[in-house]
Amino acid sequence: MSEQAPTSAAPAAATTSSTKPSKPDEEVFKAELAKAEKEHEASRARLAAAKAKLDSVQNNKDSPQGQHNAALRKEMGEIREKHAVNKKSRQQNMDVIKKLDDKLKSIMNEQKTARSKVNFKSVEEIDQQINNLRKQVDTGTMRLVDEKKALEQISSMQRLKKSFDGFSQQQKQIDDIKAQISELKKGGDTPEAKALNERYDKIKAELDEDKKKSDHAYKNFSTLRDEKQKAQADQQEKFKKMREIQDTYHQARRAFVTWDKQQQAAKRERYAAEQAAFQAGKRREIAQQKLEEASAPAWQEEIITANGLIRHFDPNAVIPKEEEAKSSGFAAVAQRTVDDSAFKGSRVLKKKEEEDYFAGTGGKKKKGKGGKEAAGAGSTKFNLSVDVIESLARIGIDPPTSQSQVPIVITKLKEKIDFWKGDSDRKTKENIAKAKKEIEKLEAESSPSAPANINSGAKDTHKKPADANQGANGEAVLKQEEDGAADATAELEKAKIEDAAE
């Protein structure tokens, strides 16, 4: 059963075979293999018996014809040795010729290079040029500079004449090497070598003729030889059958194991794709929520809180209709839920004690009449609820400690509202840009890493198991989904806190 090898890097689901290969039976395989091995051993025994019979009827080397043939074969061996010596000698000659040829090429290249640097072809041309320059110098009509230059040229050309002597020596050396090469090439096949070749061919023909005669005399030998060859062919056939049984079993087993691994890989890839789609959908929901929150007009919550505080301090204050509609439910509403589990068992202050706790002190006492007036003014009690104090702290305004500071606080609240209205567009764009940046960061952090080995079959139960190691592990899958939801909620809350801080 042949294996189906994947031909591309497509998903495992595309490359897995649609039909499940059968798993080979190991017990049947062992029984068939034992039978084939037994038959192979029997064929080997028959081959050994046939070889023994054939060896018993071999040609007797002590007969006259056997001795004659042995002498001829010995002479053929001696001729081969002489041929080897002659071949070695010829090879040595060829090596010498090669070395001489390399030397000849080197000398000729040197001569060619040296001649290319000389502008004259012969010594006669140099002498003619020297005579011309000397005549010009002897006339006395040349300038001193030109005369000096001419004398230098004469000296240089006289040195060149010596180099031509070297060219002559090189040419003589070249001719000698060529003569040596020619002489070595002439020493090829000698008459002695030709005579050896003829004797070798004659001996070979005689031995071949004797073999033809002996073939008729040894028909029984041929029969035994054929029997040995038949036994040898049978032994090889039994061995081939034994190997085929082994190959068939192992191929079928590999095909089954490969199919099983492909099925497991397909399951892991399907699960990984489902997880990727789930996580991608979750990220899209978070991104859409962040964009919706960031796209809302900025500072609206602060403006609503400030209008509610203005209405609290001045019930007659005039608030724009659109802002009044937004702030109607925020004037005296608590902005958070207090966890009172830590205060159970504690004593609750009475209304009189609470009013005394939040009452203004009136500041330092002054001497004289002014001090008494200040003390009188400070005796007026001024109360603020916890919700109002928290609202003022949330928008960055200190709470008033007396009724006289209320107009100042109202003015600050109006200034804050004007600033927030003017800064709303800029802050909204900033929030949108920041939300997009956070979305990009989440996408980058959730980008898939390098693919794991899908055939590893590993399985872990950590807090967040790797996708490649997630087979049929239901508990780990549920835990991973819960952790993913918790992480998404934490990221969203973190973004809200950062926006509020800015």
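Cβ atoms here come from the backbone N, Cα and C positions, even for glycine.
Ranges compared are 103-150, 247-294, 391-438, 439-486, and TrEMBL records region 'Disordered' for 439-486. Beyond its flanks by at least six residues, the compositional bias 'Basic and acidic residues' (22-44) meets 1, 231, 234-235, 237-239, 241-242, 245-246, 249, 252-253, 256 of its own chain at Cβ-Cβ distances under 8 Å.
Restricting the average to the coiled coil (167-213) gives a pLDDT of 77.
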